[in-house]
């Protein structure tokens, strides 16, 4: 059967909602200039987040606009160059999906012109602008004299250029700045002067201007003069995307005095000169260790402003480097930053000056003076390296409870950075014939000096073509673009908060607890009532029905007398605008009486704090199995939680209808039925009075299955009380704090196996952090237990599950629903078996894999078992064994960079475990013009469900997709729907749509017989004129699904989805950075309904899993408060995170008889395949540890998930990590806890 390569350019919209618009805008800025794709990806890509797409389709679509078409320009020199791609003549390109000749050429005359009225302003004389707000005065000064006069009159005034710091403090930290002065357009503050000693930049110069100027200087000046410039440029490369650099100013970065500043350590190390002025005074000082006397303080006087900063030229014999380590490459808060400079005495390698400056190691930017002063007159050799590292380890101490945590990691980075600097200088000295007293660069160390680079991404997507002879109008199996893609890309798609405001609409803001567990002593709203536009405060007393809510009735709409987590909703304020609502909510004062709180899984185990009794699955004779085993390995493994980070936060609008308790709600939810039921209960009305409407969601991932009711019930109470429409859309920090996420897990395991690697016994105790309510935690743990085998046959097995009751916001459903945790634990002990036996991991995995007809540990027979096919195909297509040999060679030749390779399978059971949820309904209206309005029970959240339903109806009715439209999902069209979850929405709703179509077809059959040559429209109008109903419902329930944990019998799943992924990574052993070099995926999705959407789902799920297993880390305070409440502190995958080579293949000839048109579930199953990256990282760490055998390291080592930079670096034990071991006093409270 032929395959085809899918560029999928038009289907880049398979999941991105409104977030894609920002990328389109950044692309639009470059169109007229015939931009380079690679330049765009580096300059404008950073900061644009859209992990649910997997990024690849967006990049591939954008490539088509570039002059290089995405070409790296390497002319075959790079291994990933398109000129070096192997040709596969069995694969045919599809002209119907991607034909560049069909693209409309760019017509510059049609581009919007810059408004002439605004263009003339640049030549008009500058004048002062003055704006008065309710609490803030904003002045834009036009001259330097005006600015200095204002500062003299108002020393407390805050100066703002880019507003990157002050705006955040006002929005998220509730800070007020009564007078803000903007000096952005003052000529003296925007000047750039090339002097004898360096280049001087006015303090208001945007960083983009600084970057361009320095790039030009590096290109034009001798290399020895631009060492400092290149150090500044390296920091700017990772500062942020082009958008932010265009507004952020160089002076703002200095005066903000951030202790984790990217640039201040560089300026301090270089000895940059600062010119400061006030009315009547002017002085110039060199930035050194005295410039920052304390936290967020500088030597600037109250009336002074920073006028300019001069970045110096470097001298002969002077070398400079800068470093930054943050959770992500672009636009993320740094952990440690550094600027390092050394000046040698003329003609020697004897040190005349050495400056090592750091950010992130104190409450200000500091210089390691004690260490550097001891090195003067020493030579640049191994002895100096040892002395400096020992000195830094002693001088740069951090308290065990220091803000930011990661104590040993940050301390080790200070040494690692210097080591990189030492090697870089050695490398540069080697080019100028240094004398013998200088050290020599070990060739295996050379790669440690390389700056982080990423090659242009390449990708392949393979899928099976539709059979020859299939009608052109039959779109099933074809890569039909997502029906909302173009609207989403243009910003025209409507989301909940895009609905225009009602004339009398009010805004609601939640008031939440700041304590993890406490009694509420009092609530004072007096200050809130003084806020303009205040309407009312809502509390439990305002709930007309029942204040009890939640899946198990164990939650409240508003807390009564007690709060059980930080973020627990206590009440809400209702005002005229969202801004007033925020102010009023912040003004509500609550007093508490603290109660003991349980935060972590370990706390819960210690205090026996669980929901219900243990869950258990057991099969075989465990005692006998362990007795027979040649080896037994036991241990613990921890998996962190994950934030959903849908780009559209929770949003709801409640509109009271004014009679009989009727209310209409527009909600961003995956679960219309539960939303309807909860609102009806809260208002004390029947469900038939509540209408829930959902147009589309901007992402859900399980986070809007139940937790969306936190907002919808609150706005319903507000609308009921005020009689007005009430809207609430959570800010990102609120959403992350309140709504919970993926469950953290702790596993305690014991596995018995033979010398051959064959497993004979397994026992695992699973503990999940459920949070302060039960929510869906029990069902999630059930799925964990059902997937604790992954794809392996284990004759004797026992799995138990405990739901830890803690004082964190309730954790909830998340893509995979407990399965990824169970399978990751399985792959963890599987990798330990391979290491213990000294056998290749891929051999041990294959040896233990199920076969067709085997019974699982829950006694379901495996039918249509394609996992072994996926495995063999992935091994072959990834060239696994050949690449493994190449990696071994690379690791021998590189001491401080290591590569790893791993291949893992997944077996994913498809169905709701609550058997009655495996049902769905659909409604079809056929209108007399032949158009069809289709409604079903699923919600569209970017996953392409509506597109697939249109395809199903199109085939069933034998009409073009253009005649079918889905408007929304609502409770007044299809009642009692199951949530859009568990990857079964296409299976269930698709079959219901099919049944409804069959009813319509049966009614039309007599008219088709009468007029066989007629058209669809002819038959429809004939039926109408004969008074035949053209409206039909469809209903479907999945057969033979039901399982008993008590008897370990029945079938919990309708069928299984299978997949295999092979990933290769490269780690930097000195910093913990890693690059995903290549991933090959083979995924069984049955007979794909839509390969474009399915491949998009595979890639998006994989990248979300990449975040789960390697990047995304939630951090909580010991008091249970979430630190990571936004993209600056919570790292999700970006453009740079995806594999450089990303190859996805849908398994061919694997129809699934148990789902609509032989398809399979695809939304969740691929997510776990990102574990291949996790274990490839562990493989690379193992290679690093093997090289440093002097430190008595065990062959089996623990690497918990996610495999962050900190964990990777700390696991690569070496001479630097051993110098930075930090003892923790017994009663010391760490800054953050592993929950």
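Each residue's number is its place along the chain shown, starting with 1.
Cβ coordinates are placed from backbone N, Cα and C, and glycine is handled just like the others.
It should be emphasised that the depicted structure is a prediction, and the values quoted were computed from it without experimental measurement.
Marked as active site, proton acceptor by TrEMBL: 1164. Sequence-distant neighbours of residue 1164 (active site, proton acceptor) (same chain, six or more apart, CB under 8 Å from its CB) are 815, 816, 817, 819, 908, 982, 983, 1101, listed in sequence order.
Feature annotation from TrEMBL assigns [2Fe-2S] cluster binding site to 50, 52. Around residue 50 ([2Fe-2S] cluster binding site), taking its Cβ as the centre, 26 other Cβ atoms fall within 10 Å, counting all chains.
The local packing around residue 162 (FAD binding site), expressed as other Cβ atoms within 10 Å of its Cβ over all shown chains, amounts to 19. The FAD binding site annotation in TrEMBL covers 159-166, 239, 249-253, 262, 306, 324.
Residues annotated as Mo-molybdopterin binding site in TrEMBL: 670, 701, 815, 982. If you draw a 10 Å sphere around the CB of residue 982 (Mo-molybdopterin binding site), it holds 26 other CB atoms from the protein chains shown.
As annotated by TrEMBL, substrate binding site applies to 705, 817, 913. The Cβ of residue 705 (substrate binding site) has 24 other Cβ atoms within 10 Å, all protein chains considered.
According to TrEMBL, the feature domain 'FAD-binding PCMH-type' maps to 131-316. Averaged over the domain 'FAD-binding PCMH-type' (131-316), the predicted model reaches a pLDDT of 95.
On the backbone, the CA of residue 701 (Mo-molybdopterin binding site) and the CA of residue 165 (FAD binding site) stand 31 Å apart. On its own chain, residue 913 (substrate binding site) has 779, 782, 783, 786, 1043, 1052 as residues at least 6 apart in sequence with a Cβ closer than 8 Å to its own Cβ. Within 10 Å (C-alpha to C-alpha) of residue 670 (Mo-molybdopterin binding site) lies none of the binding-site residues 50, 52, 159, 165, 252, 306.
Put simply, residue 52 ([2Fe-2S] cluster binding site) is 34 Å from residue 252 (FAD binding site) when counted between their Cα atoms. Annotation for residue 306 (FAD binding site): spatial neighbours 203, 251, 254, 255, 274, 275, 276, 300, criterion Cβ-Cβ under 8 Å with sequence separation of six or more. Figure note: comparing Cβ neighbours within 10 Å for the binding-site residues 701, 817, the maximum is reached by 701. Residue 249 (FAD binding site) and residue 50 ([2Fe-2S] cluster binding site) have their C-alpha atoms 27 Å apart, to the nearest angstrom. The local packing around residue 670 (Mo-molybdopterin binding site), expressed as other Cβ atoms within 10 Å of its Cβ over all shown chains, amounts to 28. The Cα of residue 705 (substrate binding site) lies closest to that of 52, out of the binding-site residues 50, 52, 159, 162. Taking the centroid of the Cβ atoms of 705, 817, 913 as the substrate site, the other same-chain residues with Cβ within 8 Å of it are 702, 776, 779, 780, 783, 813, 818, 912, 981, 982. Of all Cβ atoms in the shown protein chains, 27 besides its own fall within 10 Å of the Cβ of residue 249 (FAD binding site). Cα of residue 165 (FAD binding site) to Cα of residue 52 ([2Fe-2S] cluster binding site): a distance of 29 Å. In this entry, Mo-molybdopterin is bound by 670, 701, 815, 982, whose most widely separated C-alpha atoms sit 12 angstrom apart.
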